[in-house]
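See structure below.
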Amino acid sequence: MTFAFPKVLVASAVIALGIGTQAMATECIAPANPGGGWDFTCRQVGKILYDLKLVDQPVQVTNMAGGGGGLAFNYVVNERNTDPDLIVAASSATTTRLAQKAYGDARADQVRFVGAIGADPGVIVVAADSPYQTLTDLVEAIKADPGSVAFAGGSAAGGFDHMKPLQILKAAGFTDITKVKYIGVDGGADAITQTVGGFTQAMTGDMSEVVGFLKSGDIRVLAVLSEERVPGFEDIPTAREQGYDVVAVNWRGFYVPGGITDEQFNTWADRLRAVADSDEWKKAMADNGLAPFTKVGPDFQNWVNDVIAQTEELSREIGVIQ
Amino acid sequence: MDILSNLALGFSVALSPWTLFLAVIGCFLGTIIGALPGLGPSNGVAILIPITFSLGLDATAALVLLTSVYYGAMYGGRISSILLNIPGDEPAMMTTLDGYPMARAGRAGEALVISGVASFVGAFLATVALALVAPYLARIAYRFGPAEYFALYALAFATLGGMTSNNQAKAALASFIGLALALIGLDNNSGFTRFTGGNLHLADGIDFLVAIVGLFAVSEVFFFIESHGRESALGVRLGKLVIPWGEIWSTRWTMLRSSVVGFIAGVLPGAGASLGSFMTYMMEKGIAGEKGGFGTGVAKGVAAPEAGNNAAAGGALVPMLTLGVPGSGTTAVLLAVLMTLNITPGPTLFADRPEVVWGLIAALLIANFVLLLMNVPMVRIFVRVLTVPPAILLPGVTMISFVGIYSLSGSYFDLLLMVGFGVMGYVFRKMDIPTVPVILGILLGYQMENNLRHAMTLSGGDWTYLFSSPIAIGLWVAAILGFVAPMFLRRFLRRPSVAEADRIVD
């Protein structure tokens with residue numbers, strides 16, 4: 001009976017690895033432990049790639065956690081630079097960290113950003129009993145007294161959640177952004193708890209993080225930071241409509257090794273577009289609170305370059321980088 | 001009654017032969033995973049995630065399997081704490097303090113039975129509490145801001161001095177080393193990494209499992225090598241397994257108190273099972289006083305932390321289910337599983353998906369009874385794994401430790417770090433410095449610092465903010481009492497205590 005454990009483990013390992021153990025199979029690296037956003041991206045997209053016959057063998061998912069994605073990034077640059085059968089899950093966190101030199105000496109141009117196929121739109125949220133009814137109320141209060149509003153978010157100071165209110169305030173002409181109070185807690189739900197509890201006055205996060213609290217009536221969403229209103233949440237205005245030209249979405253996508261040919265790069269871009277257009281992916285997005293956001297190929301690379309430049313500038317202003 | 005009909009719904013979901021089978025498998029695997037050093041509930045659940053997906057289990061079945069593993073690991077952790085003096089996982093750390101002395105005194109069987117029953121009491125009461133008050137209790141989390149959390153952690157450290165009765169200075173030294181180690185990694189408040197020497201492997205900080213396995217298991221290997229196995233702590237034999245009814249009955253209030261305190265510690269996000277077992281042990285030690293003989297191998301010393309940490313495991317499910325805020329490492333993994341299964345925990349979960357929530361609660365109740373059976377009458381099966389001769393067991397433990405740690409991050413660097421902690425543990429034990437406070441420092445240091453700095457950010461640097469709410473003030477008063485009271489009490493209690501303690505040990 002005591003031997004049941006190893007047997008079960010071996011058996012399950014075989015089941016788990018049974019998909020795609022052959023050497024030439026396409027590989028997707030999720031630079032985090034199983035269960036997170038990057039892992040989800042790899043597993044869902046990997047499955048759809050095979051279902052749509054865009055790759056001839058099941059995609060093998062490798063989890064490589066460490067350094068907030070930095071370990072995987074350095075590994076790809078140093079060991080797999082010309083591998084055409086490799087994609088790596090990425091998101092806004094990847095570009096934010098690259099912009100802030102959080103991956104050691106790594107630079108964004110060492111890999112090629114090949115496509116985003118969905119996004120979790122940013123939101124600015126207050127407690128249901130908050131005096132702030134619109135984004136303008138909140139912005140004006142900060143302009144009058146920057147100390148009167150503290151934001152809570154799920155990322156570290158200087159992270160993506162921190163950047164969202166700063167971008168809005170800059171768009172509103174408020175330049176003294178180092179005065180804005182921000183605390184980085186463990187995840188979006190924790191940030192909401194602090195805000196509903198009255199310890200902070202506003203929460204900055206992703207749409208998917210706030211849906212449950214929105215339904216229960218604990219919070220009010222002042223603005224969603226997407227280009228258009230989000231399907232299913234048509235009553236939430238965008239920041240743009242309220243006069244603040246800010247789009248901040250947590251995109252889900254991939255980069256590929258920097259040393260592959262343009263032809264190989266474009267092949268991946270086409271495959272990702274096909275995934276983005278598939279019904280299976282549309283269902284996966286709806287289930288996980290993602291909004292449509294498709295940018296692939298050179299288009300996406302240019303957009304990423306702009307985002308990184310912008311993040312770098314903001315990070316320098318708030319002192320996260322020199 | 002509302003709750004009864006809900007519970008009936010839950011049992012109708014959970015009581016199919018298939019889910020029962022999964023519960024038994026989960027409990028069995030969980031207990032073994034918990035008992036093996038280095039493999040704790042969080043990586044036990046993480047290891048099984050791919051299995052649940054590849055088996056194509058539906059949401060309820062997957063939850064039943066994974067929570068059985070979770071509860072099983074919480075039960076199992078005590079086995080190696082008691083028999084090997086190596087905690088099977090971090091919440092079982094406190095169980096070594098009295099469990100191992102009991103085993104050395106030839107009372108391993110009693111220690112296992114008492115702690116097994118305590119685990120059951122803690123987990124059972126916590127599950128009942130989860131069913132009864134979860135939606136209301138979640139509101140507690142709204143009352144805890146940075147100041148309250150900081151005071152809570154301060155309370156934990158203030159009572160630490162009383163843990164090792166022989167030398168408080170060494171306990172303080174050890175906890176400061178732990179706190180210092182917790183500073184390594186990304187600083188959440190500035191976005192900079194600290195003390196990493198540019199090494200990306202350190203950017204996420206030091207995983208406390210690496211520290212715990214190194215300090216306890218690897219250092220044990222060094223002792224074994226030094227003494228050629230003669231003086232090793234390993235190889236404790238399990239005597240005749242008798243159920244000590246009298247002793248169990250004598251710990252009834254300890255179990256009840258510890259279940260309540262453990263559950264509350266579990267409900268508070270960020271505190272978790274380790275803090276639960278720590279606080280309950282310290283509380284019971286305080287109540288028993290010096291004459292209680294805590295640390296020498298007494299029944300209450302194993303009952304308190306086991307009831308506490310199992311109750312905390314149930315408590316940690318409250319904020320996870322009702323707010324989506326994980327209260328511990330394991331619930332963070334479970335949360336990820338729920339999201340992948342397309343269940344979004346949050347304030348509306350109880351209303352939106354009653355079959356999932358009540359199925360889970362029913363499954364937990366079932367798992368508890370299965371675990372009680374496995375861990376009391378059938379405990380020999382698990383003990384046999386650990387009571388092979390040291391010359392065989394130790395290489396096995398070492399191997400499992402390495403595999404367990406490697407499975408966390410897939411990085412050789414953590415293995416080197418673990419060996420480094422092993423050397424540190426060896427030196428500390430030679431110098432009679434306790435290693436438990438080091439772990440506690442690493443475990444709580446990150447949260448403690450973050451909350452202090454959040455408090456300072458929110459108040460604009462005003463220190464009085466830390467004392468600005470009734471909850472915070474209450475916790476501070478408890479912390480000061482916990483720190484000061486032992487100094488005075490010890491003076492009065494010293495003389496009778498020694499005699500009493502000796503009598504109990506004999």
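Just so it is clear, glycine is given a Cβ too, placed from its N, Cα and C backbone atoms.
Marked as domain 'DUF112' by TrEMBL: B:20-440.
Outside the transmembrane segment (B:7-33) by six or more residues, the chain places 39-41, 43-44, 47-48, 57, 60-61, 64-76, 79, 131, 354-355, 357-363, 366-367, 370-371, 374-375, 382, 385 with a CB less than 8 A from a CB of the stretch. For B:7-33 (among others), the entry in TrEMBL reads transmembrane segment.
Residues or ranges marked as transmembrane segment in TrEMBL: B:45-71 (among others).
The annotation transmembrane segment is assigned in TrEMBL to B:111-134 (among others).
Residues or ranges marked as transmembrane segment in TrEMBL: B:140-162 (among others).
Sequence annotations record features per position, and here TrEMBL assigns transmembrane segment to B:169-186 (among others). Beyond the ends of the transmembrane segment (B:169-186), by six or more residues, the same chain brings 157, 160-161, 163, 192-196, 202-206, 211, 428, 431-446, 448-449 to within a C-beta distance below 8 angstroms of the stretch.
Among the features that TrEMBL reports, transmembrane segment is placed at B:206-225 (among others).
Long-range contacts of the transmembrane segment (B:260-283) within its own chain (CB-CB distance under 8 A, at least 6 residues past either end) are made by residues 74, 90-95, 97, 122, 125-126, 129, 137-138, 140-141, 144, 149, 152, 155-156, 159-160, 162-163, 294, 301, 304-319, 323, 325-329, 440, 443-444, 447, 482. Here TrEMBL flags B:260-283 (among others) as transmembrane segment.
Sequence annotations record features per position, and here TrEMBL assigns transmembrane segment to B:323-344 (among others).
Sequence annotations record features per position, and here TrEMBL assigns transmembrane segment to B:356-375 (among others).
If you look up TrEMBL, you'll see B:381-405 (among others) marked as transmembrane segment.
The transmembrane segment annotation in TrEMBL covers B:465-489 (among others).
Across the residues of the domain 'DUF112' (B:20-440), the predicted structure has a mean pLDDT of 81. At the 8 Å Cβ cutoff, the transmembrane segment (B:140-162) and the transmembrane segment (B:356-375) share fewer than 3 close pairs (sequence separation 6 or more) and do not count as touching. For the transmembrane segment (B:111-134), the partner stretch with the highest count of Cβ pairs under 8 angstroms, out of B:206-225, B:356-375, B:465-489, is B:356-375.
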